[in-house]
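Copied over from TrEMBL:
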- Asp356: active site, proton acceptor (ACT_SITE)
- Gly221, Glu222, Gly223, Glu224, Tyr225, Gly226, Lys227, Val228, Lys248: ATP binding site (BINDING)
- Asp374: Mg(2+) binding site (BINDING)
- 517-527: compositional bias 'Polar residues' (COMPBIAS)
- 1-88: domain 'Ig-like' (DOMAIN)
- 214-500: domain 'Protein kinase' (DOMAIN)
- 507-527: region 'Disordered' (REGION)
- 119-141: transmembrane segment (TRANSMEM)
Amino acid sequence: MIYIKEGNNITALVHTNTSFDCNVEADQKPYIEWLYHNTSFKNVNDTNLNDGIIIKDSNSSSNESIIAELLKLIDVTHLNEGWYTCKAILKNDTVYASVYLKAINTLEVPKNKVFKLKVYHSITMVISYELIILACVIMIVHRQKKKKELMARQSDGNEKITQWTKKIVIEKLKIPDVNESLTKPVVNIKKKKSKSTNYKLPIDRDFEFPRHKLYLGRTIGEGEYGKVVRGKIDGIIRETGLCKLAVKMLKDGHTDSDMIDLVSEMEIMKMIGKHQNVISLLGCCSQDGPLYVLMEFTLYGNLRDFLRNNRPTSGRRTGRVGILGYPLDESHLLSFGYQVANGMNYLSFRKCIHGDLAAKKVLVNEDLKLKISDFGLARDIQNQDYYRKNTDGREPIKWMAPESLFFGLYTIQSNVWSYGVLLWEIMTLGGTPYPSVPNVEQLFNLLQTGYRMEKPFYCSQEVYSIMQNCWNDNPNNRPKFNDVMKIFNKIGSETSHLDLVELKIPQPPTPPPVNKIHSTQQPELNL
């Protein structure tokens, strides 16, 4: 026997926290699921119950510190508005109860309290000003005292100033076997008094490369705190036979957090291992100087810019594939889609979530082999099938799945959604996703109402169907990367006996308005 009590709807202020409690009475412990239905649902009933997104269940609450019956929302926004349903299952019995969350910007204050609030506010302001003045006086006196103490020490001949060596500690360094799950390294920084201010990293002799044999060249890419430069080395690196490579490093002005991110990325690359469609770590220079992460060098840079640079113009054969001397055709685009799926299938097998999958994060080698790169936001999911992002940071909004956007929930299946956007980039030859959506807020609303991007001009219906399946609202209904590879193999076998057409189609028309939800038929290439 199982019974669930109905709860009350909740109104929460924006940027506050709230929680939902599932009051279940049963003679045994039931299986609990929390589902979310967005504001397009007027209510939750037996018909649409399973249309919601599962955001928490008993399996994900195996940790004793996490209670399945309690759902917490951190930093509520208007995007979190909607129905939250607790579904309890015990043997053949299923019961559920739903409450509606409304997010508001401010609380209404009764008029008879406004005057009192103004008085309290004035008093508070006066006290605050007095406290600020007092704090300034104390600070000035304290600084003068410190200055005198320093001058006294220097006059005694003691000119030594304490500095710190920042020791980087890396846990979980064991590289798993090919059949084992990936374990994210734990990276911490411990300070130690020293005469220098350098970082001290533990040496990994399997990857450490002599710094004096490395020659740095021009910068080939950079971000706010890091950059990648071309590098050359004396001799070769192990069995690769390479003498050119890419060197990733931090720029001046970086923080300890940036160093931790770079070390974490390097350690994840060590554990991922080698795959033909994943960028390989060749080594590192971690001793006696700044950290250099040595990676494969790819001739053509990132996939997004490569596609844009090889677009046909006015129907003429102006797009060339570097030194190969011929333009792109459909076979290249199909190959690109397959190769990225192949690399992501390998990362999924290693239980690694790529937190920033996009065309600009995929590199193109001289033989047109694609390499998935940039594991700065990558996470392992060894002990569970998802991870939840709880910290602020820059996010690849247009590539993120709804469950990642609205709940910070990342899974292999949310990577599948991102892959669908990347495939759209490939088929538009480096187009910008959601070109007709003016801002991020409108994108959130459109995704909730079922809007999806149109079929690209150079795209067949078979490939567009892959994108649509990747963009399914329900993560469980999205294809696995292995399934995507099989579909590409089928498309390839059906087109291998045909003459593949060069991409010489004029530029597509202006994108439709954002309120046009359903796809329209566009000219296709004959595959």
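Quick reminder: no glycine exception, Cβ is built from N, Cα and C everywhere.
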**Fill in**
In three-state DSSP terms, Gly223 (ATP binding site) is classed as coil
**Prompt:** Taking Gly221, Glu222, Gly223, Glu224, Tyr225, Gly226, Lys227, Val228, Lys248 as the record's ATP-binding set, what's the max Cα pairwise distance in Å, rounded to a whole number?
**Reply:** 13
**Prompt:** Ranking the binding-site residues Lys227, Lys248 by other Cβ atoms within 10 Å, which is at the bottom?
**Reply:** Lys227
**Request:** Have a look at the recorded positions (Asp356, Asp374) and report the one with the fewest Cβ neighbours inside 10 Å.
**Result:** Asp356
**Message:** Return only the integer: C-alpha distance in Å from Lys227 (ATP binding site) to the residue listed as 'active site, proton acceptor'.
**Reply:** 17
**Message:** Take the mean position of the Cβ atoms of Gly221, Glu222, Gly223, Glu224, Tyr225, Gly226, Lys227, Val228, Lys248, the recorded ATP site. Which other residues of that chain put their Cβ within 8 Å of it?
**Reply:** Met249, Leu250, Lys251
**Message:** Within 10 Å of Asp374 (Mg(2+) binding site) (Cα to Cα), which of the recorded positions Gly223, Tyr225, Asp356 do you find?
**Reply:** Asp356
**Request:** Report, as a single number, how many Cβ atoms besides its own are within 10 Å of the Cβ of Tyr225 (ATP binding site).
**Result:** 16
**Request:** Fill in the CA-CA distance, Gly221 (ATP binding site) to Asp356 (active site, proton acceptor), as an integer in Å.
**Result:** 17
**Complete:** Gly221 (ATP binding site) has its Cβ surrounded, within 10 angstroms, by a count of other Cβ atoms equal to 15
**Request:** Would you count the other CB atoms within 10 A of the CB of Gly223 (ATP binding site), including those on all shown protein chains?
**Result:** 13
**Request:** List the helix, strand and coil residue totals of the domain 'Ig-like' (1-88) as derived from DSSP.
**Result:** 9 helix, 37 strand, 42 coil
**Fill in**
Closest by Cα to the residue listed as 'active site, proton acceptor', out of the binding-site residues Gly223, Tyr225, Lys248, is Gly223
